[in-house]
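This report concerns only the one structure given below.
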Amino acid sequence: MQRVNISAVSEFVFVGLSDAPEIRLLLFVLFLLIYLATMAGNITLLVAISTDSHLHSPMYFFLGNLSLLDLLCPTITVPKMLGALLLEHKEISFSGCLFQHFSLIAVVGTEIFLLAVMAYDRYVAVCHPLRYPSIVSTKLCAQLALGTWATGLLNSLLHTSLVFTLSFCGPNRIQQYYCDFPPVLALSCSSTHSTELVIVVVAGVLGSGACVVTVASYICILLEILARKAPGMWHKAFSTCGSHLAVVCLFYGTTICTYVRPSSTYSPHRDRVVSMLYGMLTPFLNPIIYSLRNKEVKCALKRVISQM
């Protein structure tokens, strides 16, 4: 039987990070500075990649996509959170919550698949350097990038349709500062067992597949380094893969802290803090990691800044 949304809830209300005015003002200034720094870092990195001919390669093409995702992720949630801290405007319409949920899941899913693609790119660069231009061609790069975005959007469409076709007819206070699916599901007055099961299975299959590709790529890189035993091979491989490996560890570490935990450990207050690790910390640190670990990026950024 097709489920129809018979929701009696027209809007949701976010639970604030703090009720003390002085704490809210302090948090507003802190998060605003982090958000502006995130925007500036990722936009500068995008400008450098698009304008500097030295960065017109598959690795930096994928890095540009990552920077775009890091621009979108905090923009989906942070402005609303800043408004709640400064103006105490904590309400969001039902359609607004749906759009925010869809956008955030799409960005998160796309980034998971993009990191797997970037790991495969580094595997080819280290293990098959002579065949790299022919394997990772411009056409393949475009297909892989399009595939990651399409898969992320389709995955988000499935998640959002499952969650927001449920009935919401009771409490409307979301125990979070954005429309994340666990606290939204908790407000439904429908049975959520089948919805949760489908979400877990789909997310598990897609997420595990991307994780396997990422881990397998780095295992192959490690085995290749051990097999060659060439002087300077470790340094060369680390300079090639170090930045991406750091971003992968940061992404999966914050995501696991946010979502992959026993339900008995969930706490609304702690979860709001933990979710900021992914929503704000990762997009803020990614451009810094690539800038500090990559000489080509540092040189390109210097040229962009000098031109500005």
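Cβ coordinates are placed from backbone N, Cα and C, and glycine is handled just like the others.
Going by TrEMBL, these are the annotated features:
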type	residues	note
TRANSMEM	25-48	transmembrane segment
DOMAIN	41-290	domain 'G-protein coupled receptors family 1 profile'
TRANSMEM	60-78	transmembrane segment
TRANSMEM	98-120	transmembrane segment
TRANSMEM	140-158	transmembrane segment
TRANSMEM	197-225	transmembrane segment
TRANSMEM	237-261	transmembrane segment
TRANSMEM	273-292	transmembrane segment
Taking 3+ C-beta pairs under 8 angstroms (sequence gap of 6 or more) as contact, is the transmembrane segment (25-48) in contact with the transmembrane segment (98-120)?
no
Any residues 6+ beyond the ends of the transmembrane segment (197-225) with a Cβ under 8 Å from its own?
109, 112-113, 115-116, 119-120, 122-123, 126-127, 151, 155, 158-159, 162-163, 181, 233-234, 237, 241, 245, 248, 252
Over the domain 'G-protein coupled receptors family 1 profile' (41-290), what is the model's average pLDDT?
83
Would you kindly list the residues that approach the transmembrane segment (60-78) from elsewhere in its chain, counting only those six or more residues past its ends and only Cβ-Cβ distances under 8 Å?
31, 35, 38-39, 42-43, 45-46, 49-50, 100, 103-104, 107-108, 110-111, 114-115, 117-118, 121, 141, 144-145, 148-149, 177-178, 247, 279-280, 282-284, 286-287, 290, 297
